[in-house]
Structures are given as structure tokens and as C-alpha cells.
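J.: Sharing a structure here in C-alpha cells format.
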Amino acid sequence: MPGRKVRMSSCSSLFIIGTSLTNPTSKTMKVSGTTGTKRHHHHHHHHSAKANKTAAAVAAAMANNESKNLSPVFSSKSRSNNSNDNGGLSASASAHAAIERDVTTLSNMNNLPAPTALEALQTSNDRLRTIIAALHCNILIRKLDLVRNLEYIANVLEAVQQDETRRLMEEDDGVLSEIEPDTVPNEVRDWLTMTFTRSMSTLKRRPSDKPKFRSVAQAIRAGIMVDRIFRQNTSILSNILQQTINEWTFDVFSVNEFTNGQSLRYVGFELMQRYNLPNKLHISMTALQSFLEQMENGYSKYKNPYHNLIHAADVLQTTYQIVYNSGLMNWLTDHDLFAMFIAAIVHDFEHTGTSNNFHIQSRSDVALIYNDRAVLENHHVSAAFRLMRMEEYNIVSEFTSEEYKNFRHLVIEMVLATDMSCHFTQLKTMKSLLSLPENVEKAKALALILHCADISHPGKPWDIHHTWTQSLMEEFFKQGEKEKDLGLPCSPLCDRENTLIAESQIGFIQYIVEPSFVVMGDMLDKVLKSLVVSDSELLSPSIPSRSLVSSPVPSGESSAESNAHPEEQNGHEKKLPLSMTTPISRPTTVRRPWADYLKSNRDRWVKEAEEERRRKELKVIEEEP
């Protein structure tokens with residue numbers, strides 16, 4: 001375009017003037033009296049007479065090697081000149097007078113070119129050079145004149161910036177003629193706009209105008225490549241989670257390795273998104289991400305072998321799997337489900353790798369704060385809620401007062417129930433509730449589920465269970481070493497030299513884990529039967545069951561899963577049966593996948609215990625004199 005060529009000529013002239021005044025390596029003629037600036041041979045454009053005069057005047061002023069007020073750049077230029085002292089002084093005085101005359105013109109703001117006009121560039125350049133020369137020579141400029149001229153120059157520069165942005169958007173760079181937004185993934189488009197075309201944010205567009213990506217073709221290609229790589233890795237992880245997160249045999253160690261030690265945030269996000277909870281409950285995705293990251297930091301604080309973020313991710317998935325496997329997702333509202341997930345996530349937050357008894361015996365600060373009662377459990381839930389008070393991690397900012405109250409009550413109830421000292425009381429209470437005709441209170445049911453998930457690894461496949469056992473015993477042994485250092489009695493199972501691991505696991509399975517899962521299974525059966533009765537009472541399509549229409553629904557649930565669990569249908573609302581007078585087919589008993597693993601693992605530990613006894617007997621014989 002002709003207009004563009006003229007403009008580029010002006011820009012070239014500006015560049016020459018700027019170079020001659022500020023670049024000490026530029027080619028200049030000898031300065032004496034009235035001296036000009038020699039242009040580079042490849043430039044053929046002329047600047048204004050005023051610009052020439054100002055440039056010459058400044059160059060002459062700089063010829064005085066004794067001018068103390070000049071910058072190092074100007075001083076070095078003056079030292080390069082070969083003028084004699086008298087000629088330099090004469091030139092300096094002449095230049096000083098010329099600059100003073102130019103300064104007087106700064107007061108005249110009338111008839112200046114509009115900031116968008118091409119001539120405004122040259123005018124701005126002339127005035128800016130005059131200001132610079134006056135400052136270097138300590139020539140006074142009125143404050144009002146200085147401010148008005150700088151404002152005008154800023155407006156001109158802003159107009160140039162906007163014009164150049166338009167040109168970049170409209171001019172084909174020859175690589176890709178035009179890329180419409182629809183052909184680029186949203187994530188890539190947002191990334192490109194923010195990263196490579198940030199200046200475009202200053203350009204006002206009509207709402208109907210679609211942004212077109214020109215002049216960033218290489219960036220788009222790079223962005224698409226990055227997006228593909230990211231999607232490929234995310235897709236692999238997503239497939240792993242989607243295919244296994246509903247399974248009792250979920251391998252959290254493999255997921256943690258694949259996610260580079262970030263299994264908690266990935267499992268947490270997967271479950272939250274699976275049921276569209278951030279959207280339904282208006283939870284900030286940024287806050288949720290920050291919260292999960294901070295959870296991982298807290299779980300990594302003491303570098304525990306067992307009570308770490310992998311354990312939290314495992315308990316979270318197990319808690320979910322128990323409810324999902326039982327077909328009880330309809331029993332929970334979206335807020336219930338969210339509270340259940342958060343309780344599982346925070347249940348061991350900032351665990352110290354030592355027991356409550358250790359804190360009590362060592363008189364730790366946390367024991368003093370919570371008066372020796374559920375010391376760690378109180379800290380876990382308290383620290384988590386203190387974190388939520390901070391705006392950056394506030395995942396409940398949109399909850400009403402009533403919603404927050406119920407959420408907090410449920411999370412506290414569930415986390416405090418993981419205190420092992422309450423184990424037998426909790427089981428006794430639940431057995432009593434199961435003997436009554438009334439339905440089980442939801443908070444107590446979820447508390448027992450979380451407690452069972454917390455001690456569930458003996459009910460998992462041997463490889464998973466054995467790995468957890470080794471980690472737990474190492475944590476116990478480290479506590480025993482701390483107790484010895486503090487002069488405290490060594491807690492049970494914490495003596496590295498004398499603990500029989502196999503025997504301890506047999507007792508743990510037989511007296512703790514197995515009875516807990518029996519009671520939990522019976523409780524789940526009772527809840528499930530109550531839902532079956534509720535379904536059979538549906539008499540009219542106008543009175544749908546609440547459990548059918550307002551319970552959490554996973555997004556993207558497969559048809560196979562829908563068939564396996566009729567209470568879970570695709571979409572945000574479940575379709576009612578064609579015949580509302582026919583009871584919905586629903587299993588009345590809960591599957592118990594842990595039962596076989598508990599038995600097989602116990603049997604394996606029995607064999608291991610026999611080997612332990614034989615090794616101990618041999619050791620005693622060898623030590624006898």
C-alpha cells in the first residue's frame with residue numbers, strides 16, 4: 001500500500017535521527033560550528049529542517065568536552081570530535097541558543113497534527129528531541145509545557161500502536177492466510193491470545209467480530225502441537241482413571257507414578273468433574289486447584305512413608321468406590337457428595353507420621369491445643385478449614401450460610417470418626433442403629449465408610465496391601481526411634497528389632513478390619529433396602545422420587561456403567577421408568593469385593609508368620625552359647 005511506504009520512510013528518518021543522537025557508534029561528521037549528521041549510505045530519506053537543526057545544535061553542544069551536565073553517552077561522543085577548544089566553546093554557545101529557541105516553541109500547542117495523522121510522528125519526534133536536548137543542557141522547560149507535550153507524544157504513540165496492531169491482524173504473513181477461531185481449540189486460542197498477541201487486548205472490536213489469527217501462524221502451529229501433546233498425556237491419564245477409578249482394585253501407586261507424585265489432585269479433580277460438582281455448586285476451579293495443591297503440600301510436609309498424599313488419594317478413591325459400588329450415589333445430594341470427597345481429601349492433612357499417643361506422651365503443642373482428645377484428627381480438619389478461610393483456597397465461597405453449616409458439620413463428623421481410639425465405640429453404635437427400624441443417619445453412615453476406607457488396604461489385592469504394610473511399618477519404626485530418643489516407652493509395633501509384622505497383620509485383619517467391613521456391609525444393605533422401598537412408592541410421573549432426579553450424576557457415564565447401576569443415567573436428570581406403578585429393579589444387597597481379599601491376605605500372612613517364627617527360633621539357637 002502506498003500509504004505504508006510513506007510511513008516506513010518516516011520511520012526510517014526517525015531511526016536515523018535517533019541513532020545519530022543516542023548511539024555512540026553511529027557515523028557522524030566532525031563537529032565545528034554548524035555540523036550535520038552523516039546518514040548511513042543505504043538510507044535516502046530526508047527529515048525535517050527543524051529536526052536537522054536540533055540535531056546539529058545538540059551535536060555542537062556535545063562538542064564541549066568540559067560540559068559536566070552531559071550524559072556519559074553524549075560525553076563520549078564529544079570526546080570523539082577533533083575540534084579545537086575555541087571552536088568547541090563557540091559551537092556550544094551557538095547550540096545552546098538554538099535549543100533555547102526551540103524550547104520556546106513547545107508552548108505552542110495550536111495547529112498540531114491529530115495524533116492519528118502521519119505527520120504527528122515527525123512532530124512528536126521533533127518535540128521529544130528538543131525536550132531531551134534541553135534536559136541535557138539544563139535549559140529550563142515550563143512544567144505545563146512539558147506535561148502537555150508528553151501527553152501529546154503519548155497519544156501519538158498509542159495511535160501508532162493501535163494502527164500497527166491492526167496491520168498485524170490484517171496483513172497476511174504468507175504462511176497461513178487466515179485461521180478462524182473455530183479451527184483452533186479454545187485452550188490454544190486463549191493461550192495464543194494471552195501469550196503471543198497480548199497487545200490485541202487494547203484493540204476494541206465489535207461484539208460480532210470474530211478475532212482472526214494472522215501473523216502468528218508459527219505460534220498457532222506450536223500451540224496446536226503443545227495442545228496435542230498435552231491432550232495425549234491427559235487422555236492417557238484420563239483413560240486410566242476412567243477405566244479403574246470405579247474398581248475396588250484401583251492401583252493408586254501406578255497413578256501416582258504416572259502423575260509424577262500428584263495423585264491426590266488428579267483423583268480429586270477426576271471425581272469432582274465426574275459429577276460436575278464445580279459447575280453445580282459454583283466452586284471456583286482456580287480455588288479448587290490451589291486447594292488440592294496445598295493439600296498435597298501439607299501431606300508432604302513431614303515426608304511420611306505412609307500418611308502421605310498417596311494414602312489420601314487411596315482413601316478418597318476407596319470411599320467413593322464403596323458408595324458407587326453399593327449403588328448409593330442417589331442417596332447423596334451434590335453437597336453431600338462434595339463434603340464426602342473433601343472429608344476424604346483432608347482426613348490426614350499435615351499428619352506428623354506419629355500417633356495421637358505419641359503427641360500426648362511427648363506433650364506436643366498440638367496435644368496441648370486439643371486437650372489430648374483426637375489430637376491429629378482435630379488438627380487435620382481445623383487446618384483444612386483455616387485454609388478455606390483464605391480467598392485463594394476458598395472452595396466454599398458461594399455456599400449459603402446453611403449450606404456451609406451442613407458441609408462443615410459433615411466434614412467434621414467424618415474426619416473425627418477416623419480416630420482409631422473411637423473404633424470400637426463407633427462399631428457398637430452402628431450395630432445398635434442397625435437393630436432399629438429407622439433409617440441410618442447419613443452423617444454416621446458416611447463416617448463409618450470413611451473410617452473403613454482409611455483401614456481398607458488389607459482388603460485390597462496382595463501387592464497393594466503388602467506395599468502399604470511395608471510403608472506403615474516403616475512409619476511405626478521411625479516413631480519408635482523418636483520415642484527412644486525422647487526416653488519414652490516404645491509404642492506397640494514400633495520396635496524395629498522385635499515386631500512380628502505378619503502376626504501384627506493377622507491380628508489387624510481379624511480383630512479390626514474384617515469386623516468393621518462386616519458392619520459397614522450390613523449398614524449399606526439397610527440403606528439400599530430403604531431406597532428400594534422409596535422407589536416402589538412411586539405412583540405417578542408427577543411425583544418423581546427425589547433419589548431419581550436430584551442426586552449426583554456423573555458426566556460422560558458409559559452405557560455399560562448405566563446398566564450396571566440403574567440409578568446412574570447420563571445427563572443431569574434421570575429418566576423416570578415408563579411404568580411408574582412397577583417397582584424399579586434394584587439389588588437389595590451390596591457387593592462386598594473386599595471379603596475374598598481379606599481372606600486370601602490373611603491366609604498369606606499366616607504362612608508368613610510361620611516363616612517368621614522359624615527365623616526367630618533359628619536366631620535364638622544361633623545366639624545360644
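Cβ coordinates are placed from backbone N, Cα and C, and glycine is handled just like the others.
According to TrEMBL, the compositional bias 'Polar residues' annotation covers 25-36, 579-588. The region 'Disordered' annotation in TrEMBL covers 25-50, 70-93, 541-625. Per TrEMBL, the feature compositional bias 'Basic residues' maps to 37-50. Under the heading compositional bias 'Low complexity', TrEMBL lists 75-93, 541-555. The annotation domain 'PDEase' is assigned in TrEMBL to 229-612. The AMP binding site annotation in TrEMBL covers HIS307, ASN308, LEU309, ILE310, HIS311, ASP348, ASP454, GLN505. Annotation comment: TrEMBL describes HIS307 as active site, proton donor. The Zn(2+) 1 binding site feature in TrEMBL is assigned to HIS311, HIS347, ASP348, ASP454. According to TrEMBL, the Zn(2+) 2 binding site annotation covers ASP348. Sequence annotations record features per position, and here TrEMBL assigns compositional bias 'Basic and acidic residues' to 564-576, 599-625.
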J.: Which residue, out of the binding-site residues HIS307, HIS347, shows the minimum number of other Cβ atoms inside 10 Å of its Cβ in this structure?
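T.: Lowest Cβ count within 10 Å among the binding-site residues (HIS307, HIS347) is HIS307.
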J.: About how far apart, in whole Å, are the alpha carbons (Cα) of GLN505 (AMP binding site) and HIS347 (Zn(2+) 1 binding site)?
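T.: Distance between the two Cα atoms comes out at 23 Å.
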J.: List which of the binding-site residues ASN308, LEU309, ILE310, ASP454 have their Cα within 10 Å of the Cα of HIS347 (Zn(2+) 1 binding site), in sequence order.
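T.: The binding-site residues close to HIS347 (Zn(2+) 1 binding site) (Cα within 10 Å), listed in sequence order, are ASP454.
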J.: What are the helix, strand and coil residue counts for the compositional bias 'Basic and acidic residues' (599-625) according to DSSP?
T.: 25 helix, 0 strand, 2 coil
J.: Centre the Cβ atoms of HIS311, HIS347, ASP348, ASP454, go out 8 Å, and tell me which other residues of that chain have a Cβ in range of the Zn(2+) 1 site.
T.: HIS307, ALA312, VAL315, ALA344, HIS351, THR418
J.: Out of these binding-site residues, ASP348, ASP454, which one has the fewest other C-beta atoms within 10 Å of its own C-beta?
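T.: Comparing Cβ neighbours within 10 Å for the binding-site residues ASP348, ASP454, ASP454 has the fewest.
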J.: Check the domain 'PDEase' (229-612) for me and report the mean pLDDT.
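T.: The average pLDDT of the model in the domain 'PDEase' (229-612) works out to 88.
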J.: In the structure shown, which of the binding-site residues LEU309, ILE310 has the fewest other Cβ atoms within 10 Å?
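T.: Comparing Cβ neighbours within 10 Å for the binding-site residues LEU309, ILE310, ILE310 has the fewest.
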